[in-house]
Amino acid sequence: MDYTLLKSIASPADLRRLPRTELQAVADELRAYVLESVSRTGGHLGSNLGTVELTVALHYVFNTPDDRLVWDVGHQTYPHKVLTGRRDRMDSLRQLGGISGFPRRDESEYDTFGTGHSSTSISAAHGMAMAAKIKGEERKAVAIIGDGSMTAGMAFEALNNAGVAHGGLLGDVLVILNDNDMSISPPVGALNKYLARLMSGSFYTAAREGAKSVLKNTPLYEFARKFEEHTKGMVVPGTIFEEFGFNYVGPIDGHDLDSLVPTLENLRDKKGPQFLHIVTKKGAGYKLAEADPVKYHAASGKFDPAVGFVKPATPGKTTFTQVFGDWLCDMAEADPRLVGITPAMREGSGMVEFHKRFPQRYHDVGIAEQHSVTFAAGLACEGLKPVVAIYSTFLQRAYDQMVHDVAIQNLPVLFALDRAGLVGADGATHAGNYDVAYTRCVPNMAVLTPADEDECRQALYTGFMHDGPVTVRYPRGAGAGVVPVKAMTAQPWGKGEVRRQGQRIAILAFGTLLYAALEAAERLDATVANMRFVKPLDADLVGELARTHDALVTVEDGCLMGGAGSAVTEALNAAGLSIPVLQLGLPDEFVEHGDPVKLMSLCGLDAAGIEASIVKRFGAKPVVVHSAAR
Ligand SMILES: Cc1ncc(C[n+]2csc(CCOP(=O)(O)OP(=O)(O)O)c2C)c(N)n1
Ligand SMILES: CC(=O)[C@@H](O)[C@H](O)COP(=O)(O)O
Ligand SMILES: [Mg+2]
């Protein structure tokens, strides 16, 4: 395809100059372009293919960027990026120095709100709509949210707030529910069942009072009019969204531009909170993705669109996620009290097999991180042993639940924290940089940082056996390749181990950076300790190393501020030990998207970087002046 139309669109203003009859051709080119570029870069696929017509219609009808589009999650914004002046940069998507896979305010004026985590769009759009009212400006704010993201409490908190007037002001906010009957996995929960009922009874809603005028000029209007004649006097039931104060319209076909464009035009001209329910297909227009939307949610790398995603001929290294999934099944086999919980991340968290084998002990609670944690607390109160499998970045959502519902009551909940540290292509929104800092300060919480695959299995077992809340953190992908021993052995609680005996400098490694530290230590003849626990910290080992070395170096793949290195300095202070300490970890800045190996190197957290930092601080032949307190 030579993308003649797309090439003529440098910005949405160009799109708006085209006759409506050309829009389907634009959509066809756009879909092909997105598929082709994702096949070269990897990235989210199904959701982008499913929102092509919606994106064209939105930029055609609304006066963007003056009217604000807020994309929930933002994993479906590739067509939006192409239409908003970033067509030529799509080949750099999610790569170091390239454009982000999510909307970014610093990337384009059309990206009105940065996302990555779900269910924020209605709140943000409501804020923008209210700001327009307060400032006396005429503009619309549109939130585009998927059916999966709609399950989060935050979406309903926003509806609850946006549907009523405040001080006489009612925002002109339009919520578009993009219902493709999919989350990453098949959708779960009562809301999904409700939306399905709305879909099957669509003739009812099409005939509702508020909807009729909006459907004018659409193919649905005549149908709605006839239906109204037929049902005169009948009470048509309201939708939940109307109860929240929104004018509900739909469901309409989100791939049919002849319905979408006039419906959006009519909604654009209405005041107050509007709600449009559209129905789309995840992966639309690409048969393989339509047939298997779970697999085609995202591409991990390049692929041939004619062939689709293929498994590599030789299996890759076992990932930490797989280690967790195997451990979970083995542990469930051994202990009938185990219950596995995921907030909508079954595949990413390695729980597919567990779901198959233990369906009654598997709970996908939807995109509901807060609920997942308090639900686990409830299970634990009744003597069960919940394991919450959650990405480090998403546990941020449930901080109070972790503190208030789990830790204060000292309940035995195991948090399996996947995606700890930098995650690579998803960038700062998904990086798990903060969990050590935000968990270790909470009383009763134990924080385990396994160094490799086997340690991960044993740490999960150790945490599971502990009678209190525990986090076990591990990164995306594979580690050093240490094949887990099948037998599960509890690690000595709160104890680290010396892995290399050297002189003068002692490196205290937390987590998978142990191996980079060992490599650096070889060249410096430094001692290396695998600390295993951030909390309880092995204060005896810290003291011993401080007394026998000239300087300590802490190494971790989490944020420096408040992290494991800080725990070490606190322990030294508490023991009255004074020794130079170099703390290595992630800096006080958001690390961009890109290849994780390169990113770690840029942060000075590969073997060469660790060595260089030590040499820089302590000299090539590390000799440090002894402190008075030793
Ligand atoms: C708070 C949060 N939890 C989990 C995720 C991971 N996640 C990204 S997309 C997605 C599914 C979203 O479903 P939906 O909104 O229906 O969009 P679709 O993928 O169907 O287009 C999930 C669970 C996230 N981004 N944010
Ligand atoms: C958009 C989103 O939040 C998910 O799709 C995320 O990108 C998945 O990340 P992993 O590939 O690490 O599971
Ligand atoms: Mg969906």
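Placed from the backbone N, Cα and C atoms, the Cβ positions cover glycine too.
Positions annotated as thiamine diphosphate binding site by TrEMBL: H75, G116, H117, S118, G148, S149, N180, Y286, E369. When secondary structure is read from DSSP and collapsed to three states, H75 (thiamine diphosphate binding site) falls in the coil class.
Taken from TrEMBL, the feature Mg(2+) binding site applies to D147, N180. Note: D147 (Mg(2+) binding site) has non-local neighbours L177, N178, D179, N180, D181, M182, S183, P187, L191, N192, L195, i.e. same-chain residues 6+ apart with C-beta under 8 A of its own C-beta.
Summarising the annotation, TrEMBL assigns domain 'Transketolase-like pyrimidine-binding' to 318-482.
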Ask   = Do any of the binding-site residues H75, H117, D147, G148, N180, E369 touch ligand 3, in the sense that the CB is under 6 Å from one of its atoms?
value = D147, G148, N180
Query = Three states by DSSP: which one describes D147 (Mg(2+) binding site)?
reply = coil
Query = Which number gives the other C-beta atoms within 10 angstroms of the C-beta of H75 (thiamine diphosphate binding site), all protein chains shown included?
reply = 26
Task = Tell me whether N180 (thiamine diphosphate binding site) sits in a helix, a strand or coil according to DSSP.
result = coil
Note = Once DSSP output is merged into helix, strand and coil, E369 (thiamine diphosphate binding site) belongs to helix
Query = Which binding-site residues out of H117, D147, G148, N180, E369 lie by ligand 2, going by a Cβ under 6 Å?
reply = none
Local confidence of the domain 'Transketolase-like pyrimidine-binding' (318-482) - pLDDT mean = 98
Task = Out of H117, E369, give me whichever of these binding-site residues has the highest number of other Cβ atoms within 10 Å.
result = E369
